[in-house]
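Colleague: Dropping the structure in here first, questions after.
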Amino acid sequence: MGVKQDLIAALGEFVGTTLFLFLALGGAKTAQYTVSAVQTDTVTSETLSNQTIMYIAVSFGLSLLSQAWVFYRVTGGLFNPAITLALYLIGGLSWFRAGLLFISQILGGIAGAALVAALTPFGGVGTVTTTLSTGVNVAQGFFIEAFLTAMLVLSVLFLAAEKHKSTYLAPLGIGLTLLVCHLFGVGWTGCGVNPARSFGPAVVDVQFPGYHWIYWIGPLFGSLMAVGFYLLLKAFDYTSVVFGQDADHELT
């Protein structure tokens, strides 16, 4: 692949990440409004309700699903440095393209958060930054981020990186995985699972708590765990376990 294709992929990842996080963060901010918040030009800082958590989870899941599907044939629709790292480690990306995509995704995260801050009133993006909830310590936050990211990366590796009859449906499965991750994680860590998602709002809101590093190292560590498990199953030839699952005929 030439430099031209790498640059096109980088541009696609920047635009795709920007749109994904613009929709997702915008939905998350909208979810946290109440009538009293609008009346006082502020946003509430109360514990998230079940309805709010569901709204945020759906916003992120469907935003990823839609934009990944749009950009799937252009860049693969990664939008996440942890996923970029995983694809590089399994040989799906060259080091040069991986580096370009990594940078594009980080810049896209900042751009998406900036758009939300610019186009919506009441508090910028302070309510959608990723922070630990009361009672959650740094170690717990780190491993929540790591394990949830590992599940997200595994969905990418098995649904998109592995080619099979239903590969074209990969964005659906990946988007649903992100939705489920948010149902668990958003109430405890904000469910970063993506350094670009966490870094963008932090830059725009100028809010970097001392534990911000967990939103980088946690997802990257989770990516390594997912790659390790994926390569282990590949070494054991996992496709031979359920033989013929991608066949065009019914087994008799």
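Cβ from N, Cα, C; glycine included.
TrEMBL feature annotations, pasted as is:
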- 6-25: transmembrane segment (TRANSMEM)
- 53-72: transmembrane segment (TRANSMEM)
- 78-96: transmembrane segment (TRANSMEM)
- 101-122: transmembrane segment (TRANSMEM)
- 142-161: transmembrane segment (TRANSMEM)
- 168-188: transmembrane segment (TRANSMEM)
- 213-233: transmembrane segment (TRANSMEM)
Colleague: Sequence-remote contacts (6 or more beyond its ends) of the transmembrane segment (53-72), Cβ cut-off under 8 Å?
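Modeller: Sequence-remote neighbours of the transmembrane segment (53-72) are 12-13, 15-16, 19-21, 23-24, 26-28, 30-32, 79, 170-172, 174-176, 178-180, 182-183, 186-187, 191.
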Colleague: For the transmembrane segment (142-161), I need the partner stretch with the highest count of C-beta pairs below 8 angstroms, choosing only from 6-25, 78-96, 168-188, 213-233.
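Modeller: Selected stretch: 213-233, with the most Cβ pairs under 8 Å.
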